[in-house]
Amino acid sequence: MTGVTVCCGTVNSIKALWETRIKKTKDDLKKEKEQKDRRAVGRLTGAWEDRIILAKLKEKIVTEEGRVILRIEKEEWKTLPPALVQLSQIQEWQLHRIGLQRIPRFISSFQSLIVLDLSRNSVTEIPKEIGKLTRLRELLLSYNRVSYVPEELGCCENLEKLELAMNRDLDELPTQLSNLKKLSHLDLSMNQFTTIPDCVVNLPSLEWLDMGSNILETLPDNIHRMEKLHTLWLPRNELEYLPDNISRMKSLDTLVLSKNKLRDIPPLMEGMSNLRFVNFRDNPLTYDVTLPDLNEDVEEEENDREMFGREFMNFYIQEARKRGSQNFTSVLNVMLEGVSETA
């Protein structure tokens with residue numbers, strides 16, 4: 001009887017063990033099926049969400065002058081969805097005031113992109129993938145929070161226009177930007193630059209430069225290397241003097257230097273016949289110089305131009321030369337009188 005009891009007990013234990021294992025297996029299979037179902041539902045939901053987002057983005061696409069443009073303004077898009085890659089034929093992004101915080105790394109998929117305009121957002125970083133956009137002609141990132149420009153931007157060989165105004169902490173550019181052989185328009189105003197970066201001086205096609213409202217203390221001595229520059233905006237800086245070589249900028253026709261700390265105007269600038277407009281307003285110039293009265297019939301705008309334009313500059317240089325000569329003569333006379341009295 002004892003042997004039979006033991007045998008029955010063993011069978012019951014084995015049976016219970018198998019029942020437990022079978023139940024666990026069934027539970028595991030059930031959980032796995034539930035997980036698969038959830039993933040399938042998630043994928044289906046994600047697919048539908050992508051379709052909805054894609055449909056919404058397609059509504060923002062317009063065609064102007066044969067160019068495909070994605071235009072979004074005053075909506076909330078802190079990030080751009082990966083589904084956007086399906087619209088890689090877009091040639092221009094115009095995304096303004098949408099709260100965008102970053103440029104997606106999949107930007108490199110948009111090989112047809114000609115204009116990337118993300119002005120007035122909250123972008124903090126330019127991804128290195130930007131360098132793969134070899135057809136890009138315009139990059140507009142003014143009024144953002146960019147503090148660093150990647151060297152890869154120098155690979156955008158067709159870039160003609162770059163705007164980085166009002167990015168708060170931006171104070172330097174990578175030397176590789178001098179590789180932008182076609183760049184003609186550059187706006188770096190309202191930042192933290194203390195001088196014009198070397199890479200900017202070395203841009204061979206640069207025609208228009210705005211570095212107003214920075215903290216420029218000096219201008220580079222080789223500024224004349226910007227041979228094609230015709231417009232230079234430098235108002236609201238900390239400039240105390242101008243290098244003589246500025247007079248060698250033969251293409252320069254507009255020069256704005258208002259609200260700096262200039263004490264003098266280089267005499268050599270008198271020979272800059274190419275200058276059409278120059279502004280020295282609100283500088284603590286050494287000599288108080290006023291142009292002779294103009295005819296009463298001259299309009300106020302013309303008077304304003306005359307007073308603070310090229311005519312003022314030339315008149316100031318002439319007066320400074322005259323007064324400097326008079327001062328030298330006075331000093332010389334005093335010295336001669338002293339020598340005479342001693343004798």
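Placement of Cβ uses the backbone N, Cα and C atoms for every residue, glycine included.
These figures come from a predicted structure and were not determined experimentally.
Copied from Swiss-Prot, the annotated features are:
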type: REPEAT; residues: 64-87; note: repeat 'LRR 1'
type: REPEAT; residues: 88-110; note: repeat 'LRR 2'
type: REPEAT; residues: 111-133; note: repeat 'LRR 3'
type: REPEAT; residues: 134-156; note: repeat 'LRR 4'
type: REPEAT; residues: 158-180; note: repeat 'LRR 5'
type: REPEAT; residues: 181-203; note: repeat 'LRR 6'
type: REPEAT; residues: 204-226; note: repeat 'LRR 7'
type: REPEAT; residues: 228-249; note: repeat 'LRR 8'
type: REPEAT; residues: 250-274; note: repeat 'LRR 9'
type: REPEAT; residues: 275-295; note: repeat 'LRR 10'
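When Cβ-Cβ distances below 8 Å are used as the criterion, the repeat 'LRR 6' (181-203) is approached by residues 142, 157-175, 209-220, 222-223, 225-226, 228, 233 of the same chain, each at least six residues removed from its ends.
The average pLDDT computed over the repeat 'LRR 7' (204-226) stands at 98. Here the repeat 'LRR 3' (111-133) has Cβ contacts under 8 Å with residues 67-68, 78, 88-105, 139-156, 163 of the same chain, all six or more residues outside its ends.
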